[in-house]
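Engineer: Would you mind keeping the following structure in view while I ask a few things?
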Amino acid sequence: MPFISLLLRSQLRLLIYAPIPFLIARFYPITKITGRSMQPTINPDENQLWHDFALLDRVSMQARANFKRGDIVTLFSPIDPKRFMVKRVIAKEGDIVETLPPYPHPQVCVPEGHVWVEGDDPYHSDDSNTFGPIPAALIEAKVLFIVWPLSRIGSLQTPSVRHLGRLTRGSPEHRAAVAAVEREKWRESRVIPARW
Amino acid sequence: MQSLRKIFLNKYHDLWGRYYHFKSQSRSYQAKVVGKGLLNLFNSYCAAHLFFDYIGRPSYTGGPSMLPTLAVTNDLVIEDRLSLRFTEISRGDLVTVKSPLDPLRIVCKRIIGLPGDVICVDPTGHLAPSTEHVIVPRGHVWLSGDNFSYSRDSRRYGPVPIALIQGKIRPLRDFTIYRNPVTLAHFEQESIRPAAKGTIL
């Protein structure tokens with residue numbers, strides 16, 4: 001018994017170092033992502049029986065607002081401040097975007113300090129096509145990569161040409177990669193960047 | 001008592017002695033002492049950062065946009081982040097907001113309208129005709145600086161999402177308790193009472 005109490009007391013002393021893991025979890029949180037608006041990039045399961053857990057990077061967004069077109073970001077909903085969304089940055093300030101159906105105008109110029117965000121699944125997504133361009137300050141963090149489930153661990157970047165060449169033609173992975181590349185091309189074709 | 005005094009003097013009084021004692025020790029002992037000191041330093045940085053992020057922080061104001069209320073430079077205020085989680089925002093509150101024009105800038109403004117309120121865009125008539133009115137949309141607030149002639153606020157960029165609000169401002173100048181100066185006397189008529197919070201308009 002005295003041994004256990006001694007052990008407990010020596011472990012309790014370690015509690016003064018609790019701020020360190022808390023701060024790491026604040027800078028680089030791991031979050032469960034729900035919802036189907038980013039299918040098939042995130043949560044590809046049609047029935048939503050399992051969800052992806054992703055590692056986020058708050059530092060690069062909060063300290064220097066460092067993001068580019070095509071990045072997947074988490075942001076607070078402009079309609080409901082408690083809600084948390086995962087979307088893809090389509091255009092930055094000054095760009096001209098071709099919008100999708102729910103938006104009243106066919107083309108829009110993104111105003112100063114704002115971004116245009118969209119989900120990868122345009123039919124199941126509350127994005128800029130419903131509420132318009134949003135302030136870039138709403139963006140909370142960048143999604144770095146998926147950490148869970150184990151079968152889906154990896155980066156969320158669009159596969160490169162070299163990666164495509166390594167896959168066997170016709171396999172499911174190859175088809176998914178080709179689809180991702182085509183979606184990226186379609187995305188980029190709808191944006192006229194502010195700086196050429 | 002004598003021994004306690006001896007220990008205290010040994011530890012804090014004779015700094016040169018401590019330094020030479022440290023120098024005479026082995027390398028592994030030196031590394032251990034330095035490493036533990038650095039760990040404690042990093043730990044206190046983490047604790048301070050978490051405190052400033054979640055509970056509150058002192059900060060200086062800058063800029064003329066809130067002029068009669070807050071000075072142009074070096075007015076010490078407390079940015080209160082904790083009460084935002086537990087209390088509702090109300091009209092007349094001073095808040096810090098991430099600027100919708102620049103995500104790295106934090107500005108201090110006064111809340112004029114809550115979701116569902118009808119707001120006169122610019123009573124002075126400089127930036128918009130003074131007869132123009134808008135309804136603040138769901139999840140947004142209408143912000144305004146106290147110095148109308150030198151303030152970039154909702155007159156310029158429209159209603160601002162509530163999620164951009166960082167904290168409430170508690171001014172320390174003159175050590176007075178900040179009071180909410182907005183009176184709601186003219187809302188007593190039922191017909192012009194503002195819509196309930198969260199109403200979809």
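All positions are counted from 1 along the displayed chain.
Each residue, glycine too, has its Cβ placed from N, Cα and C.
TrEMBL lists these features:
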type: ACT_SITE; residues: B:SER65; note: active site
type: ACT_SITE; residues: B:LYS109; note: active site
type: DOMAIN; residues: B:46-122; note: domain 'Peptidase S26'
type: DOMAIN; residues: B:126-170; note: domain 'Peptidase S26'
Engineer: Three states by DSSP: which one describes B:LYS109 (active site)?
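Structural biologist: The three-state answer is strand.
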Engineer: Please compute the mean pLDDT of the model over the domain 'Peptidase S26' (B:46-122).
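Structural biologist: PLDDT averaged over the stretch: 89.
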Engineer: Taking B:SER65, B:LYS109 as the active-site residues to compare, which has the smallest set of other Cβ atoms within 10 Å?
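Structural biologist: Each of the active-site residues B:SER65, B:LYS109 was scored; lowest Cβ tally within 10 Å is B:SER65.
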Engineer: Is it possible to list how many residues within the domain 'Peptidase S26' (B:46-122) are helical, extended or coil according to DSSP?
Structural biologist: 17 helix, 31 strand, 29 coil
Engineer: Could you measure between B:SER65 (active site) and B:LYS109 (active site) for me? Cα positions, answer in whole angstrom.
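Structural biologist: B:SER65 (active site) to B:LYS109 (active site), Cα-Cα distance: 8 Å.
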